[in-house]
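Marked as transmembrane segment by TrEMBL: B:12-31, B:74-95, B:107-128, B:155-180, B:201-226, B:265-286. What TrEMBL lists as domain 'ABC transmembrane type-1' is B:70-282.
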Amino acid sequence: MFRHLNWTVVVASAFSAGLASNALAATELSWWHAMTGANNEVVDKLAKEFNDSQSAYKVVPVFKGTYPETLNAGIAAFRSKQAPAILQVFDAGSGVMLGAEGAMLPVADVLKKGGFEFNKDQYLPGIVAYYSKADGTMLSFPYNSSSPILYYNKDAFTKAGLDADKPPKTWPEVFDAAKKIKASGASACGFTSTWLTWIQTENFAAWNNVPYGTNENGLAGLDVELKIDAPLFVQHFQAIADLAKDGTFRYGGRTSEAKQLFMSGECAILTESSGGLGDIIKSGLNYGIGQLPYYEGNGPQNTIPGGASLWVFGGKSDDEYKGIAEFFNFLSKTEIQARLHQVSGYLPVTLAAYEETKKSGFYEKNPGRETPILQMMGKAPTENSKGVRLVNLPQVRDILNEEFEAMLAGQKDAQAALTEGTKKANAAIAAAIGN
Amino acid sequence: MQPVVFPNKILPYLLLAPQIVLTVVFFFWPASQALYQSVLREDPFGLKSGFVGLANFRAVLSNPDYLHSLKVTVVFSLSTALLSMAVALLLATAADRVVRGKNIYRTLLIWPYAVAPAVAGMLWLFMFNPAMGTFAYMLRRNGVAWDPLLNGDQAMALVIVAAAWKQISYNFLFFVAGLQAIPKSLIEAASIDGARGARRFWTIVFPLLAPTTFFLLVVNTVYAFFDTFGIIHAVTGGGPAKATETLVYKVYNDGFVNLNLGSSAAQSVILMVIVVALTAFQFRFVEKRVHYS
């Protein structure tokens with residue numbers, strides 16, 4: 001009897017507790033993201049810290065697959081009027097989001113709705129430029145930004161008789177080093193690169209201060225024609241194609257697959273995102289870090305950020321916007337940003353977080369970790385180096401990748417590949433903005 | 001034959017209803033959506049859309065990439081169907097002769113069918129990926145320039161083998177059943193007349209298997225057309241340079257990666273027409289020549 005009564009009490013109290021918590025329920029804000037592994041843990045931890053810090057809002061992170069899959073999930077959700085509060089969109093998807101006029105609320109407006117003042121000067125200029133409209137309105141919140149750098153295998157350098165403390169600075173130096181490494185047998189392949197589109201065309205153009213396309217590479221307007229069939233690109237890609245013939249350069253794939261070739265010791269030089277650092281540290285390789293190479297007389301200018309930013313959909317309630325604003329304000333806090341930068345290898349988004357990291361002596365202990373920031377911040381961006389924004393950049397990247405693959409397979413030379421790629425990409429851009 | 005008449009006028013419709021509902025919801029409704037989308041031009045977010053008539057179809061059909069994709073699909077489907085059927089037939093005749101442990105062999109050979117296409121793709125990718133594959137490493141060490149990331153023919157061979165491998169079990173099962181249905185007396189009679197193994201196979205067994213072979217040809221072609229998306233997605237992603245981009249993969253790629261919904265929908269409508277035509281052709285003309293005992 002007592003036992004029975006006890007159960008009733010338990011059930012009743014549990015029920016009333018449920019009711020009570022319902023009455024006080026926090027506004028839920030879903031955050032769709034594409035972060036895996038260690039980066040996923042960071043996302044969960046940030047959401048938890050934010051949720052614990054206040055009780056009015058609850059950020060719920062949801063993993064939605066790869067970057068393109070997350071973007072597509074967000075678009076599909078918007079079409080069926082089920083859009084999440086916050087959507088993480090990768091660099092190449094920024095133009096797609098921007099094309100959806102009215103579907104998005106600029107991050108500055110979101111913060112204003114939450115009663116915060118949005119001060120652009122707090123953020124790293126390169127990142128602000130990349131995520132802003134031509135009139136200076138910042139559109140999305142830069143969550144994880146990275147920049148391409150050069151990694152090299154110190155053991156292979158020593159074996160090939162190269163100076164293991166001096167990474168090659170220019171592209172001709174990289175090609176020479178790669179040939180020496182291959183010829184000496186220090187490793188089976190001299191040089192490889194991840195993301196040929198992002199690193200060897202988009203960042204290549206910015207870093208060497210040559211146009212990738214018209215209209216400030218798309219930042220000044222949607223109507224863009226690619227300019228990557230210019231002589232500097234042709235020269236660069238022909239050099240890579242020539243190295244590919246005898247295996248001095250090896251192709252890994254369209255995204256970050258080539259990292260494997262470097263970590264397995266097969267290739268001695270790699271250009272890859274600074275975000276790939278974690279895996280390379282884990283591989284236990286005796287590696288060094290250098291700046292992204294350039295061509296003498298052109299670069300170095302500044303690199304453009306990769307990674308992803310957080311977008312906010314339009315048509316939400318004021319309460320939700322207030323919550324999102326609180327969360328973004330939380331994310332911009334110096335200690336959060338500094339920690340994010342130091343654990344994940346992504347760039348700090350605010351200047352204060354950068355200063356804080358500098359002061360803590362982190363860069364002295366971890367040489368090379370400042371390189372991607374210095375690359376991006378070294379010089380004020382020119383019209384060639386603010387970024388690349390196309391309404392269909394993912395599609396354009398695919399078109400170019402196909403041409404690069406045909407070129408590296410020896411089916412055509414660099415001139416033909418880049419001319420054809422530019423032509424096809426321009427047609428695709430024209431079709432996309434004709435929508 | 002007397003026509004069956006149900007006394008109850010509503011009951012037959014009620015009994016049919018579940019099947020009709022399923023067909024409408026999962027076939028007619030999506031198909032009608034595809035038809036509707038195929039005459040629209042729309043931005044990815046669906047904010048602006050306009051009727052463009054047959055412009056999407058014109059654009060697709062005049063695109064050399066589409067014709068290329070058609071060629072890729074034909075090569076891929078035929079190779080996959082023939083390879084998996086040939087290997088399955090070989091294994092089935094071999095398993096038919098085994099006396100001891102027959103059931104174990106048969107059971108083991110059926111296993112790969114339970115593997116999901118994407119997983120099958122990953123398996124082959126892990127073996128033959130130039131960066132980390134064991135077999136890729138062995139091939140290269142033996143002087144084969146193995147690089148399916150750049151060599152389109154090698155990439156094609158890899159997806160064909162992976163797709164065929166997965167389907168062997170299914171074909172094997174049907175061939176074993178088909179072989180069991182052939183009367184032993186025919187084969188014994190041929191043996192007495194002095195026909196050797198190969199001759200017995202080609203003059204007696206193979207023709208009598210024709211109904212099974214025909215059925216499998218249809219099933220395998222449809223499989224290669226539609227069910228191999230997962231394998232291609234996992235192994236090559238349609239690359240290098242579109243070398244393995246089949247029609248189905250192109251529908252996905254244009255719709256979900258390039259966000260060109262109108263073109264993607266137009267392509268799926270064309271695909272529907274192709275498949276209807278192909279099936280009709282197979283049943284009307286090819287089936288007539290098949291010898292049903």
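A Cβ is built for glycine as well, from the same backbone N, Cα and C atoms used for every other residue.
Not measured: the values here are computed from a predicted model.
Help me understand the surroundings of these features in the structure.
Long-range contacts of the transmembrane segment (B:74-95) within the same chain, counting only residues at least 6 positions beyond its ends with a Cβ under 8 Å from a Cβ of the stretch, are 102, 105-106, 109, 156, 159-161, 163-172, 175-176, 178-179, 201, 205, 209, 213, 216-217, 220-221, 223-225, 228, 244, 246.
Within its own chain, the transmembrane segment (B:107-128) has Cβ neighbours under 8 Å at 91, 95, 134-136, 146, 148, 158-159, 161-163, 165-170, 172-173, 227-235, counting only residues six or more beyond its boundaries.
For the transmembrane segment (B:155-180), the residues of the chain that approach it from at least six positions outside its boundaries are 72, 75-76, 79-80, 83-85, 87-89, 91-93, 95-96, 106, 109-113, 115, 117, 120-121, 123-124, 128, 148-149, 205, 208-209, 211-212, 215-216, 219-220, 223-224, 228, 231-232, 235-236, 239-240, 243-244, judged by C-beta separation under 8 angstroms.
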Are there residues at least six beyond either end of the transmembrane segment (B:201-226) with Cβ under 8 Å to its Cβ atoms? List them, or say none.
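Distant contacts of the transmembrane segment (B:201-226): 73, 76-78, 80-81, 84-85, 88-89, 93, 163, 167, 170-171, 174-175, 177-179, 182, 186-187, 190, 195, 246-248, 275, 278-279, 282-283, 286-287, 290-293.
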